[in-house]
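Enquirer: Handing you a structure now.
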Amino acid sequence: MGLNLLPIEMDDIRKRLDREPNEIEWRVIDAVWSEHCSYKSSKIFLKSFSIDSPNVIMGIKDWQDAGAVDIGDGWAIVIKVESHNHPSAIDPFNGAATGVGGIIRDIISKGAKPIALMDMIRVGNLKIRKNVWLLKNIIAGIAAYGNSIGVPVVGGELSFDDTYNDNPLVDVAAIGIVRKDKIKPSIVDKAGLKLVLAGLTGIDGLGGASFASRKLSGEDEIGAVQIADPFAGKIILDVTLEIADKVEAIKDLGGGGLAVAVTEMANGLGAIVDIEKIPLRVKNMDPADVIISETQERMLYAVEEKNVEEVCKAFEEYEYPCSVIGEITSEPIIKFRYFGKDLVSLPTNALLEPPKFLWPIKNVRKNVEEKNVDLSLESTIYTVLSHPDLVSKEWVYSQFDYEVNTSTVVKPGDANGAVVSLPNGKLLAIKADGNPDLCSEDAYECGKGIVAEAYRNLATVGARGMVAVDHLQFGDPKKPEVYYTFVEAIRGIGEATRFFNIPIVGGKVSFYNENSQGKPIKPTPLIVMAGLVQGKLLKNRVEDSSYVVLLGYTRKELGGSLLSKIFKVPSQAPKVRLQEDLLSSEVVIDAINEEKITFAKDISRGGLAASLFNIIVHGYGVEISTKSILSDTDNVVENLFSESSGRFVILTNEPEWIVEKSRSKGIVASIIGKVNKKTSILTIDNTDYDLKTIVNNYFNFLEEVIGNG
């Protein structure tokens, strides 16, 4: 049968049922109990993310398709992050496109209108042609769906590492807006409701949930990849929002198809589904395939009988299939029938309560012997600043219609965070952050660090973080060293979100990200954070003669840094000091509201040097004195490329105000230099470094490698 269940799980369900499941029931159990759908190896830890917050309307405790947070004036935002890693490794265009479609349906399942998308892409070394092909088609898939459906892609991440050569990561986040009294659940609380299905069911995506719950084994798994249809997705979006008031619950058909959607929607009640009533894309489909098909652009609605005709009529206007396929029952049994014959009859609670697993762990935290960095400053500057992680992503953004719906306030690449306008007149900033290199060194500090970095990035546009979702991407959880990094990352994320009082309202866990030889990816947890602009919005601009102020203390902490990755420098990973991140962020927000700064950039990937380079690419030069850097090392390379947290580079015409404001908050700040008109010149301690070639690489690298690939 090709099941992905463990023997202990198969024995467990036999004992609960007191019988042997039939072949179709085994396939249903395999889907519902898959790691992808059940979180059986992670759910016990995810509960630690729960924070009681008066703003949370729908959070991690509710365990629904997306989270929702009150933003005032009767409005709420809905937020979700998802991935389509395994499908994108096999069919990158459809894998990425269906990832966009799926997360949009998660947002509209809450009755919310999607207003923004973000994509976070990680692929392997671009010297390998397959990775260029993967990236080009991943971007094309995201663009094709997002542009066609009319939801702007407002930002994201793009990074490269050999660890993703066979297993790219394709994450998509979405934000929606809804009146808070109009939010829809994905679950029901009463029997008698009719189950209405919109969309055709085909043979694509068969076994997708199980496919996503094991390591990749080859391109013969192409049948598990769903096919995208953005124009059908647009109909689903528009009609779902139109009929939201007429339905009791809305559920996207994602992983596991109807088997999972019906079971989860029933919420402890039962359901009867008549398979012959399901509209099919392919004639004479096997009923078992109909149950677990993951064909896209389908939605399931729980509807009062009196409203069924009106709901289906709305779809009929678009000639879109809509059918009553069953109903919610009081008996807690999930039944799939075919012309009156029960093919599946399983207790709801048995399906919703799979065995939970706590796998062995093995401490892999590294104890590193510190050594003095002995590198040529000139070659280090040129090598690090030329790294693909630091180049402009404008070629990628240019593929997306990021201004559709005219709500985008800060364009992709113009700041550290994306900003969109909301119906209540407020501005919402959004940012995603991950750091797999740091996570491979110290997953606990990395967990704290990615939360802190997202918080700092929002501060650079004048926003304060208020809500987050997470995506945890790891290898096989049964491997002790993998499970250890997973548990440690959760510990760090939980500690940081509690410190900042930012509730995680949802997320995703993606295990089994390994190549065909069983080598896991670097641990890659991801945080997507959103927050409201607190007063004034900062749109970065660079002006001649502005003072360069370094906010925060620099430490010799090179572990997990880009410098360490390139030059194999042994060093301890940075210790994330959350209090410093909070206080330095408050200084930046205050300075923005007082109109004291024109430019703000948090210091992260590539260290101080990369942040200064971000000024230079605006067509200016920068001169600094490393002796002015407040630090625990005199080594110039260490000061320029350390990735200690809690730091910002800001441009101002009132540097003393910044220094005094920082002092009043308990944070150090120093005036380290000035902006000048020496285009593309970085001057360090009176020595000029001509970065014209690096600047040209910054603007043209992706187009030359991918656009012509």
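Glycine too: its Cβ is placed from the backbone N, Cα and C atoms.
Straight out of Swiss-Prot:
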- H36: active site (ACT_SITE)
- Y39, K80, D470, G507: ATP binding site (BINDING)
- E82: Mg(2+) 1 binding site (BINDING)
- S83, H84, N85, H86, R105, Q226, E294, T295, Q296, S510: substrate binding site (BINDING)
- H84: active site, proton acceptor (ACT_SITE)
- D106, D252: Mg(2+) 2 binding site (BINDING)
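Situate these features within the shown structure.
Expert: Annotation note: H36 (active site) sits in a helical segment as assigned by DSSP. Over all protein chains present, the Cβ of H36 (active site) has 25 other Cβ atoms lying within 10 Å.
Within 10 Å of the C-beta of D470 (ATP binding site) there are 28 other C-beta atoms, taking all protein chains into account.
Long-range neighbours of E82 (Mg(2+) 1 binding site) (same chain, six or more residues apart, CB within less than 8 Å of its CB): G99, G102, I103, D106, D171, V172, A173, H471, K508.
According to DSSP, Q296 (substrate binding site) sits in a coil region rather than a helix or strand.
In sequence order, G95, A96, T98, G99, G102, V170, V172 are the residues of the chain that are 6 or more apart from H84 (active site, proton acceptor) and have a CB within less than 8 Å of its CB. Under the three-state DSSP scheme, H84 (active site, proton acceptor) falls in the coil class.
Counting Cβ atoms from all protein chains shown, D106 (Mg(2+) 2 binding site) has 27 others lying within 10 Å of its own Cβ. DSSP assigns D106 (Mg(2+) 2 binding site) to a helix in the three-state reduction.
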Enquirer: State the Cα to Cα distance, in Å, between D470 (ATP binding site) and H36 (active site), rounded to an integer.
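Expert: About 15 Å separate the Cα atoms of these two residues.
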Enquirer: Do me a favour and check the Cα-Cα span between N85 (substrate binding site) and Y39 (ATP binding site); whole Å is fine.
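Expert: Taking the Cα atoms only, N85 (substrate binding site) lies 17 Å from Y39 (ATP binding site).
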Enquirer: If you count the other Cβ atoms within 10 Å of each Cβ, which of the binding-site residues D252, E294 comes out on top?
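Expert: Comparing the binding-site residues D252, E294, the most crowded Cβ belongs to E294.
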Enquirer: Can you give me the Cα-Cα distance between Y39 (ATP binding site) and R105 (substrate binding site) in Å, rounded to a whole number?
Expert: 21
Enquirer: If you draw a 10 Å sphere on the Cβ of Q296 (substrate binding site), how many other Cβ atoms land inside?
Expert: 26
Enquirer: Expressed to the nearest Å, what is the distance separating G507 (ATP binding site) and H36 (active site) at their Cα atoms?
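Expert: One finds 12 Å between the Cα atoms of these residues.
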Enquirer: The record lists Y39, K80, D470, G507 as binding ATP. What's the largest Cα to Cα distance among them, in Å, rounded to a whole number?
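Expert: Output for ATP binders Y39, K80, D470, G507: max Cα distance 16 Å.
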Enquirer: Determine which residues of this chain, when Y39, K80, D470, G507 are set aside, have a Cβ within 8 Å of the centroid of the ATP site's Cβ atoms, and list them as they appear in the sequence.
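Expert: For the ATP site the neighbour list reads L46, I60, V81, V469, H471, L472, I504, G506, K508, V509.
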Enquirer: Given the binding-site residues K80, R105, and counting only Cβ atoms in the protein chains shown, which has the most within 10 Å of its Cβ?
Expert: K80
